[in-house]
Amino acid sequence: GGVAGAAMADGEGLVSVDYEVYGKVQGVFFRKYTQGEAKRLGLVGWVQNTSHGTVQGQIQGPTARVQELQEWLRKIGSPQSRISRAEFSNEKKIKALEHKEFQILK
């Protein structure tokens with residue numbers, strides 16, 4: 001909801017959310033595509049492969065944009081990936097971004 005025409009940054013505020021994506025998401029440039037999509041949306045955070053075959057990370061930015069990336073992580077991903085599910089946790093409002101950019105962590 002929110003008032004039509006209101007500036008998004010004011011009405012929405014910033015959020016932080018952790019994510020983990022399951023399926024065939026390693027070895028398919030998933031991290032690179034996630035970083036590209038996050039940058040396109042103006043989001044910050046990080047992404048990394050886990051030792052148990054998933055991809056995890058954190059997203060921070062305006063609520064609406066974060067939701068767009070969540071949808072992308074849930075349904076789209078990189079061209080070669082096969083996403084079985086995406087889980088989101090620790091969603092919270094933040095006063096300021098805690099990252100400078102969206103990084104791929106080793």
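Heads up, residue numbers simply count up from 1 along the chain you see.
Every residue, even glycine, has its Cβ placed from backbone N, Cα and C.
Lifted from TrEMBL, the feature list:
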{"type": "DOMAIN", "residues": "16-106", "note": "domain 'Acylphosphatase-like'"}
{"type": "ACT_SITE", "residues": "R31", "note": "active site"}
{"type": "ACT_SITE", "residues": "N49", "note": "active site"}
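Note: the CA-CA distance between N49 (active site) and R31 (active site) rounds to 8 Å. Summarised as a single figure, the pLDDT of the domain 'Acylphosphatase-like' (16-106) averages 97. R31 (active site): 21 other CB atoms within 10 A of its CB, across all protein chains. Note: the domain 'Acylphosphatase-like' (16-106) comprises 25 helix, 39 strand, 27 coil (DSSP; helix = H, G, I, strand = E, B). All protein chains included, N49 (active site) registers 18 other Cβ atoms within 10 Å of its own Cβ.
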